[in-house]
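Asks: Just lifted these from TrEMBL, have a look:
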DOMAIN    8-124  domain 'Gamma-glutamylcyclotransferase AIG2-like'
ACT_SITE  Glu86  active site, proton acceptor
REGION    128-154  region 'Disordered'
COMPBIAS  128-144  compositional bias 'Polar residues'
Amino acid sequence: MSQALKRVFVYGTLKKGEPNHHWLTSEKNGFSRLLAKGKTEIKFPLVIGTRYNIPFLLNKPGVGHNIEGEIYEVDDTMFSNLDVLEDYPRYYDRELQSILTNENEKLECWLYLIRNYPESMLAKPQLSSYSNRPEQPYSENYVQSKPEDLFTDS
């Protein structure tokens with residue numbers, strides 16, 4: 001593999017055992033390899049929103065919790081496919097952030113987050129770690145989700 005690999009931090013449905021993890025494990029989407037578990041060095045609000053119960057990391061640094069997740073190394077093909085899943089740049093944005101591994105090593109990783117959201121999203125329960133739960137199940141109909149759904153969230 002001659003191309004440079006990128007590190008991506010996943011905190012929601014892409015984590016192992018979660019509904020969209022198959023995106024990272026499907027070879028047709030490209031190459032990915034789990035490097036480590038980690039958490040954001042900076043606190044962010046992680047909330048579940050819209051009728052699809054999607055985990056959203058809101059771009060409000062310093063608010064919320066240090067978010068727990070997984071660090072993957074991915075090739076350009078996988079990175080492009082993750083952009084499709086996250087509807088980047090229309091829905092999610094991405095930026096480089098310092099992620100602390102469980103061994104206290106700092107790694108620069110790409111992180112998907114929401115820049116344009118209503119302030120009311122900050123009133124939702126803020127999580128440090130996401131997991132799909134029966135009382136608030138993630139909807140596979142997320143493909144119908146639009147950025148505007150954030151503003152009609154109940």
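Cβ from N, Cα, C; glycine included.
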Asks: Looking at Cβ-Cβ distances, which residues of the chain lie under 8 angstroms from the residue listed as 'active site, proton acceptor' while being 6 or more apart from it?
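Replies: Residues satisfying the criterion: Tyr92, Arg94, Tyr112.
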Asks: Averaged across the domain 'Gamma-glutamylcyclotransferase AIG2-like' (8-124), what pLDDT does the model get? Just tell me the whole number, please.
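Replies: Summarising the domain 'Gamma-glutamylcyclotransferase AIG2-like' (8-124) by its mean pLDDT gives 95.
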Asks: Provide the three-state DSSP residue tally for the region 'Disordered' (128-154): helix first, then strand, then coil.
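Replies: Its residues fall into 10 helix, 2 strand, 15 coil.
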Asks: Using DSSP, how many residues of the domain 'Gamma-glutamylcyclotransferase AIG2-like' (8-124) fall into helix, strand and coil, respectively?
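Replies: Going through the domain 'Gamma-glutamylcyclotransferase AIG2-like' (8-124) residue by residue, I get 22 helix, 53 strand, 42 coil.
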